[in-house]
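As given in TrEMBL:
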{"type": "COMPBIAS", "residues": "60-81", "note": "compositional bias 'Polar residues'"}
{"type": "DISULFID", "residues": "CYS31-CYS42", "note": "disulfide bond"}
{"type": "DISULFID", "residues": "CYS230-CYS271", "note": "disulfide bond"}
{"type": "DISULFID", "residues": "CYS400-CYS647", "note": "disulfide bond"}
{"type": "DISULFID", "residues": "CYS428-CYS432", "note": "disulfide bond"}
{"type": "DISULFID", "residues": "CYS467-CYS480", "note": "disulfide bond"}
{"type": "DISULFID", "residues": "CYS495-CYS500", "note": "disulfide bond"}
{"type": "DISULFID", "residues": "CYS502-CYS515", "note": "disulfide bond"}
{"type": "DISULFID", "residues": "CYS517-CYS522", "note": "disulfide bond"}
{"type": "DISULFID", "residues": "CYS575-CYS580", "note": "disulfide bond"}
{"type": "DISULFID", "residues": "CYS595-CYS598", "note": "disulfide bond"}
{"type": "DISULFID", "residues": "CYS602-CYS611", "note": "disulfide bond"}
{"type": "DISULFID", "residues": "CYS629-CYS655", "note": "disulfide bond"}
{"type": "DOMAIN", "residues": "17-430", "note": "domain 'Integrin beta subunit VWA'"}
{"type": "DOMAIN", "residues": "602-684", "note": "domain 'Integrin beta subunit tail'"}
{"type": "REGION", "residues": "53-81", "note": "region 'Disordered'"}
{"type": "TRANSMEM", "residues": "685-707", "note": "transmembrane segment"}
Amino acid sequence: MNDQIESLEQCCGSAMSCEECLIIHPSCAWCAQEVGTLMSRCDLRQNLQKRGCEAHHMESPSSSTTVVKSEPLSSKGSGPTQYDVIQIMPQKISLSLRPGDQTSFKVQVRQVEDYPVDLYYLMDLSLSMKDDLDTIRNLGTKLADEMRKLTSNFRLGFGSFVDKNMSPFSYTARKYKLFPSCVPSFGFRHLLSLTDKVDRFNEEVQKQMVSRNRDAPEGGFDAILQAAVCKERIGWRKEAFHLLVFATDDVPHLALDGKLGGLVQPHDGECHMNEKNEYSGSTNMDYPSLALLGEKLAANNIYLIFAVTKRLYNFTALIPGTTVEILDQDSKNIIQLIVNAYNSIRSKVELIVWDQPEDLSLSFTATCQDGQPLPGLRKCADLKIGDTVSFNVSIDARGCPAPGTQQGFTIKPVGFKDHLEVSVDYRCACGCTDQTQANSTHCSSIGQYTCGICRCDPGYLGARCECQEGEAGSMYLSACRQAEGMQICGGRGECSCNQCLCYESEFGKIYGTFCECDDFSCARHKGILCSGHGECHCGECKCHAGYIGDNCNCSTDTSSCVSDDGQICSGRGSCACGRCQCTEPGAFGDTCEKCPTCPDACGTKRECIECRLFSSGRLSDNQTCQRLCKDEIITVETLNDPNAVLCLYKTENECVMKFTYSEHANGMSVLTALKEPECGAAPDAMTVLLAVVGSILLVGIVLLAIWKLVITVHDRREFARFQSARSRARYEMASNPLYKQPISNDYVETDFSMYSKSYNGAAH
C-alpha cells in the first residue's frame with residue numbers, strides 16, 4: 001500500500017499544469033492557493049491539506065451521473081396505451097467524466113407481455129422449394145392461430161426472392177426462358193404488406209410459382225436488406241416486435257460474389273423498390289455484406305429467423321439478433337419452427353452500444369433471474385416474458401477531447417425500439433483558469449498567472465519568470481537535482497534558471513520536475529506498450545476500463561468464458577484474463593465444455609441426443625437444442641468403440657438409449673448413438689398365464705420329489721439302523737436262555753372226527 005501511495009505521489013508530482021494534473025490520475029488534486037511550502041501543486045488531496053491548502057482552492061473534480069429521464073417499465077404491450085410502452089429504464093442519462101475516474105449506472109430491461117408482433121415471411125421460390133410452396137399455401141391461417149396464443153395483436157406479410165436475373169447466377173439465354181411451370185428469376189418481390197387479414201396471405205401464396213436459377217446459392221441477402229430498409233412498403237410498425245422469417249434450402253450469396261457477374265458497385269444499403277414492388281438494384285449492385293446487413297437489421301429493430309434445411313449458417317453469429325432453425329425438407333414444421341424461434345428470441349435480452357466514442361471504455365455486469373452478478377456479460381437468457389433483468393454499466397474516460405466537445409452514445413436491447421440516450425461531457429478544465437491574470441506582477445509582468453503558477457512568455461523561465469533561457473550557474477544547479485549526488489535533471493535534461501528543460505526523445509515525451517518521468521518506459525506485452533490497453537504515465541501503465549495487470553494484458557471481460565449453457569467455464573473452471581482455466585480433471589476446451597471423463601458428461605450430452613434425435617417428442621424446444629447441441633452426432637446400429645465413454649439412460653417409455661462420447665482430433669465432440677432405443681417387446685398374456693401355471697406345477701412337482709426323497713432317505717436310514725442292531729445281538733433264537741428242556745416226555749394220540757370220537761387212539 002505504501003509503495004502504491006509513493007508511486008501515486010511521484011506520478012502526481014510530475015504534472016506541470018492544473019489540466020495535466022487532472023488527467024494523470026483521479027487521485028491527484030491541484031492547489032491554486034498561494035502557499036509557500038508547496039513543493040508541487042499537484043499531489044494527493046490529503047498531502048495538500050497537510051501543507052495548508054484550503055479545500056475551496058483545490059481542483060479535484062470527480063465523475064458523476066445524472067438521470068435526466070426515467071419513466072417506469074410497462075407490464076403489458078397491447079391495449080389503448082400501447083404507444084407508451086416502455087421496456088428500458090432509465091431513458092436518458094447525463095455523465096460528467098474525469099479521465100480515469102470510473103462511474104457507473106444501472107439499466108433495467110423488461111420484455112412486456114402481449115406485445116404487438118409484425119412477421120414478414122420471406123420465401124425462396126427457386127425450383128428446389130416447390131414442395132415447400134405447396135405446404136405453406138394455407139400457412140397464414142394456421143400461423144395466425146398459433147401466434148395469437150402469444151399476442152393479441154399480430155400482422156403478417158409476404159415476399160419472395162430467387163437470385164439476380166443475370167449470368168452466371170441465372171439462366172439468361174432465350175432457350176431457357178420457357179421452363180415449364182416456372183417464371184423468370186427475380187431478385188426480390190414484395191407481395192403483401194403487413195396486415196391482420198391473414199386470408200390475403202393465403203391468397204398471395206396460392207398465386208405464386210417457382211423459378212429457376214443456375215447456381216446453388218440464392219440472392220437472399222438482397223431480399224433481406226430490402227425488407228429491412230423499405231419500412232413504408234413493408235409496413236413495419238414502430239410499436240411492434242419485428243420478425244423476418246427467411247425460408248430457404250441453400251446458402252445465400254455474399255458480398256463480392258457479384259463480381260462474377262461484373263457487379264463492382266458495393267451495395268449502398270438503401271431502399272430500391274420500383275412501382276411493381278420489385279428490387280430494382282438487383283443487376284446494378286453487389287450483394288450486401290454481413291456487416292451492412294447487421295447494421296440495417298439493428299437500426300430497424302428486426303429479428304432475423306433463418307429457417308433453413310442445412311446447418312451451414314455459422315456466419316449468422318456475426319449478425320446480432322439472429323436465430324437459426326432447421327426446416328424440414330417440405331417445410332411441414334414451419335409453424336412450430338416460427339413459434340419456437342419467437343419464444344427463443346423473447347427469452348433473452350442482449351444490449352448493444354451505438355456510436356461509442358473511441359476515448360470511452362464501457363464494461364457491463366449482467367444480473368439475470370438468479371440474482372447473481374455476471375461481470376463482463378451484457379446478455380441474459382432463459383427468461384420468461386415479463387421478467388425484469390438489470391445491467392450495471394461502468395464507464396471510464398481515457399482522455400480529454402477538444403474543449404467544449406459534447407459526445408454521447410446509445411444503449412439499446414437488440415430488436416427493441418426502446419433505447420437509453422447517454423450524453424457525456426468531460427471534466428478536464430480547472431475552474432481556477434477563469435481567474436487568469438495576464439502580465440501579472442506575480443510573474444514579473446512577463447507572464448500569465450493562472451491556478452497559482454506562472455506561464456511565462458517565450459524566452460523566460462522560472463517560478464516568477466525571473467530568468468531568461470540560457471542563463472546558468474552553480475546557484476541554479478542544486479534545484480535541478482532530485483537528491484544530493486544525483487545527476488542534474490536525471491541526465492535527461494538541462495538545468496536552466498532553477499528548472500529542468502527535458503530533452504526531446506524519439507521514443508516519446510520526457511517530463512517531470514527533474515525529468516524523472518516519461519510515457520514510454522512501461523511494461524510491454526508482445527512488444528506493445530501497455531498491451532495497447534492503457535496509457536504509460538511515469539513508468540506505470542494506467543489501464544483502460546476492462547483491463548488490469550502490470551502491462552494491462554489481462555481482460556476483466558468474462559463473455560468469452562461463458563459456455564453454451566450460460567455458465568462460466570461450464571462450471572469446471574474459472575475465468576482469468578478472458579480465458580478459462582479448467583480445474584476439473586479431464587476438462588478442456590475454450591470454455592471447459594469438453595470433458596468425457598467428468599461425472600456429468602453423459603447427463604450434459606443426453607440433452608443433445610434427445611434434441612437432435614427425438615425433437616418430435618418431449619424435447620421439442622429448439623431453443624434448448626440450438627444452445628446445447630453443437631456436437632457432431634453419428635447414428636449406428638451397434639456401438640463398438642472401446643475408447644469412447646459409454647453413456648446410457650432410460651427413456652420415458654422405459655426403453656434404454658445408448659450412446660458414446662469422444663473427442664475428435666480436430667477438437668470436435670463426437671456423439672455416436674443408436675438409431676433407436678433398445679426396447680423389450682410387450683409380453684403375450686396367454687404366454688404369461690401358461691408360464692405362471694407351469695411355474696406353479698413345476699414348483700409342486702419339485703416339492704413332491706423333494707418330500708419323496710426325504711422319506712426314502714429316512715426309511716433307508718432306519719432300516720440300516722435296524723440291520724445294524726440285529727447284527728450286534730448276543731444270542732440266537734435256538735439258545736434262548738429262558739427256555740428249559742422238559743424232564744419226561746408223554747405222547748398222547750388224538751383223533752378228531754366229525755362223527756366219532758377217539759381217545760388215546762381207541763375207536764368206539
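Here the Cβ of each residue, glycine as well, is placed from N, Cα and C on the backbone.
Projection of TrEMBL feature records onto the structure.
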residue : record         : contacts (Cβ under 8 Å, 6+ apart)
CYS428  : disulfide bond : GLU19, LEU22, ILE23, ARG98, PRO99, CYS400, PRO403
CYS432  : disulfide bond : CYS18, TRP30, ALA32, HIS57, GLU59, THR450, CYS451, GLY452
CYS500  : disulfide bond : CYS480, ILE488, CYS489, GLY490, GLY493, GLU494, GLY512, THR513, PHE514, CYS515
CYS502  : disulfide bond : CYS489, ARG492, GLY493, ILE510, TYR511, GLY512, CYS515
CYS522  : disulfide bond : LEU529, CYS530, GLY534, CYS536, GLY539, GLU540, CYS541, ASN551
CYS598  : disulfide bond : ARG572, GLU584, GLY586, ALA587
CYS602  : disulfide bond : VAL645, CYS647, LEU648, TYR649, TYR661
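A distance of 12 Å separates the Cα atom of CYS467 (disulfide bond) from that of CYS495 (disulfide bond). When the disulfide-bonded residues CYS495, CYS575, CYS595, CYS655 are compared by Cα distance to CYS42 (disulfide bond), the shortest distance belongs to CYS495. The disulfide-bonded residues in question are CYS400, CYS515, CYS575, and the one with the fewest Cβ neighbours inside 10 Å is CYS400. Cβ crowding, taken as the number of other Cβ atoms within 10 Å, peaks at CYS31 among the disulfide-bonded residues CYS31, CYS42, CYS230, CYS480, CYS517. Spacing of CYS517 (disulfide bond) relative to CYS495 (disulfide bond) is 16 Å (Cα to Cα, whole number). Proximity of CYS271 (disulfide bond) to non-local residues of its own chain (separation of 6 or more, Cβ distance below 8 Å) is seen for GLN226, VAL229, CYS230, ARG233, given in sequence order.
Distance between Cα atoms for CYS575 (disulfide bond) and CYS595 (disulfide bond): 17 Å, as a whole number. Straight-line distance linking the Cα atoms of CYS31 (disulfide bond) and CYS580 (disulfide bond), rounded to a whole number, equals 46 Å. Among the disulfide-bonded residues CYS467, CYS495, CYS580, CYS595, CYS655, the residue whose Cβ has the fewest other Cβ atoms within 10 Å is CYS655. CYS655 (disulfide bond) and CYS595 (disulfide bond) have their C-alpha atoms 26 Å apart, to the nearest angstrom. Rounded to a whole number, the distance between the Cα atoms of CYS595 (disulfide bond) and CYS580 (disulfide bond) is 14 Å.
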